[in-house]
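Listed in Swiss-Prot:
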BINDING   Gln87, Gly105, Glu106, Gly107, Lys108, Thr109, Asp513  ATP binding site
REGION    834-917  region 'Disordered'
COMPBIAS  839-852  compositional bias 'Basic and acidic residues'
COMPBIAS  862-876  compositional bias 'Low complexity'
BINDING   Cys900, Cys902, Cys911, His912  Zn(2+) binding site
Amino acid sequence: MFGKILRSIFGSKNDRELKRMGKQVKLINELESTFVKLTDEELKAKTAEFKKRHQDGESLNALLPEAFAAAREASKRVMGMRHFDVQLIGGMTLHEGCIAEMRTGEGKTLMATLAAYLNAISGKGVHIVTVNDYLARRDANWMTPLYAALGLTTGSVYSMQPQQEKREAYAADITYGTNNEFGFDYLRDNMALRKEDRMQRPLNFAIVDEVDSILIDEARTPLIISGAAEDSSELYRAINKFIPSLKRQEIVEKGEEPSELGHYTLDEKTRQVELTEMGHEVIEDTLTKAGLLKEDDSLYAAGNLGLLHHVYAALKAHVLFHRNVEYIIQNDQVVLIDEHTGRTMAGRRLSEGLHQALEAKEGLQIQAESQTLASTTFQNYFRIYPKLSGMTGTADTEAFEFRHIYGLNVVVIPTNKPIQRTDLNDLVFLSVEEKYEAIVRDVNEYRAKGVPVLVGTASVETSEAMSERLKKADIPHEVLNAKQHEREAEIIANAGRPGNVTIATNMAGRGTDIVLGGNLEAELAKLENPTEEQIAKVKSEWQTRHDQVVAAGGLHIIGTERHESRRIDNQLRGRAGRQGDPGLSRFYLSLEDNLMRIFASDRMRSFMQSIGMEKGEAIEHRMVTNAIEKAQRKVEGRNFDYRKQILEYDDVANDQRRVIYSQRNELLDADEIHDAIDGIRQDVIADVIAGFIPPQSVEEQWDVAGLEQSLANEYGVQLPIQKWLDDDDKLNEESLRDKITQAMDDAYNVKREQLGNSVVMLEKQLMLHVLDQLWKEHLQNMDHLRQGIGLRAYAQKNPKQEYKRESFEMFQTLLESLKHDVIRLLFRVQPMTEEQMNEMEKRRQEEAERQRQRMQLRHAEAPSQLAAPATPATPEELSELKPERPYVRGGSKVGRNDPCPCGSGQKYKSCHGKLTG
């Protein structure tokens, strides 16, 4: 109550932000008359002037009014479009590192050019991130003339792009690309063996389009570059045969007895599958008969955990994954469907054997499992950018998460024209069939009035079921789903024509614009060498259709079910009512819908049945709407807990990733690492000596023979240590250490002379090779640790603390192994001629190219769903989160006197910084 009174007096935070930016808008508008008078060359020269002023110390904030005025003038001349005042506010929002929520059709793509141009003045590059390759290339091609008029270069990156072309795209002032491509290129750069092989410049500023999709919906899926691992396809086939015979046991209330015992339980809310006692017995018996498990052996014995992993993967494939819902079969391959966008995700594979289990289930060829070579998450990748911003039509419902995870505030940008769309209350039916009948009836009615209708569905399966019913009713329509995505542009272009009916999954929700009367630009583009008369005729026909649709009430949206997230529902609604057009939206639900069945309360179900509803009758009541929104909030809260938890675990790996990648880049950039190698060699030799001659020990405790053998076997250096002791009675522990160390230094210097000029390259290449190999093994070990860490809760231990402790110990082991392995290899390496070196480099490049083509770029199903679930965040843990300022990193490199990111508490130079000298 008190908050409402304060808001009525002072306005909301959003209102105050808009008011502040409004003053800048006034200033930009006043500059317009000055920039109109400039010639094209003078306008282009403004960019060089701005760059010079910025280099001389003038901030981008101070340049903003003039830069925005220049960008608007260039847009007017080149594109024929003048930025609205609200787009100027949106551009400022992006520049300040915030998220701009702007309604569909209000011009987000054009708005982004303002912030992109201003930040490109720094010369450090700007990345504009979109959700798919089509949008990235479309936006880049569309906006290139505008940037060129201002003297800036533009590039776009996409998968399987030639390396030189991609390097040029990253060198451009403004680079367009998908979140996947930017993320994978970052990982690939941190696998490069030469600095010339890296693509990206140091990251500077990113504008993320559809930011809620990328930073929230995609946040739970790690980016993984992987290589092939061992083949176990026969095991998948063998286990797949007996999974269908297993029965589900119903989950009952506490104290009740299940009507029938089953082999597994399924919790649809958390998508978790667990074997029951009876299930374990049946599976162990079946595996024993099949010769996969020894007699009297347990499935939970240490040596059989891999077998258990396969069983759970197969069980999940049959119980949690359904064809035409979570995946489709295309060209004899399992192709995943993005639940948020409805689009296929070609090339993306589930991790931990799930994809292989799906291939076995569908009787397809089983592709080999993979081993992680490099990984990160979008959450951690995008937090590397010193400045991050985003734009979307639906962000306000997730403002809390944006602020607490990414430090990004959401600013709701007002529409240029008032919204004319009518959002009707939901209609709720008892059964799915009754719901479908009502939809068919209303679609027919709207169509008869000349109203275009968009029927939104949540899955391919529902879209096909809806299509069958419209066919039976003889209603012509188009279907847009993951199977028909090739015709997407054509279907969307015609979706706004009078009486057209389009069924679409969520893929029609982003990056698409349904124009009332049809897409005029698409029609004109079809004409070959058109005359003025032909163009005028097409425009006249379009105007007639447009006016007809507007008079009929605009585009009507019918939602066939509510999505888990309110944002997805709002995106569907947002297809109607663009730029002040009329429109209407309504959702048709049933008690059999997944969201209602799983999350809605039993009280609502019993209420609807108790009021005696007739067949085909719908209820439209505020209590029902409230219950649905409550269910959605419940799901959104649960998903936020998952994402927060993943971030907490990945932050541990991310700290280690920062150390490794920082050292790797220092190695690549260094001309030579001789001093670092000398320091590492001193540490390694001291460790080896201490293993056989303990510090502050007496001679009787020394294992001199063991030390001689170790130095000979491991490092190829024969030292007569026992003879030294026999010949010199004065040799004590300290002087002996010095003598051994000096002898090893001399041996290495002889090796350096033998290697000649090649030693500089060899030291770097060996260090990189060993580092990459150990990091790859470390990632695999971290995966295994993460999968089982949830079980520590049963031992009254905090899984997160245990994960941090053990992963730190593993990381320490990695760094020690790195030192020892590098020095051992350098001592034993043989000299090569220049011809041999050139041949080795040629083979390395060929192998790198083969590996690049073999690499799988995939998104794991995160977190490990075969692992025991970790405890969700408690309300107390959530309350500890405090709003952060926009995320700004001090630089890409850890300072030598900064605390080491590994968490040891020591300075970086005294801890892991020692590795790079």
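Backbone N, Cα and C atoms are what each Cβ position is placed from, and that goes for glycine too.
Fair warning: this is a prediction, and the values are worked out from it, not measured in the lab.
Cβ atoms within 8 Å of the centroid of the Cβ atoms of Gln87, Gly105, Glu106, Gly107, Lys108, Thr109, Asp513 (the ATP site) belong to the same-chain residues Met102, Thr104, Leu110, Met111, site residues excluded. With a cut-off of 8 Å between CB atoms and residues at least 6 apart in sequence, the same chain places Thr104, Gly105, Ile492, Asn519, Arg578 near Asp513 (ATP binding site), listed in sequence order.
Counted over every protein chain shown, other Cβ atoms within 10 Å are most numerous around Gln87 among the binding-site residues Gln87, Glu106, Lys108.
Just so you know, of the binding-site residues Gly105, Gly107, the Cβ with the fewest other Cβ atoms around it within 10 Å is the one at Gly107. Around Thr109 (ATP binding site), taking its Cβ as the centre, 16 other Cβ atoms fall within 10 Å, counting all chains.
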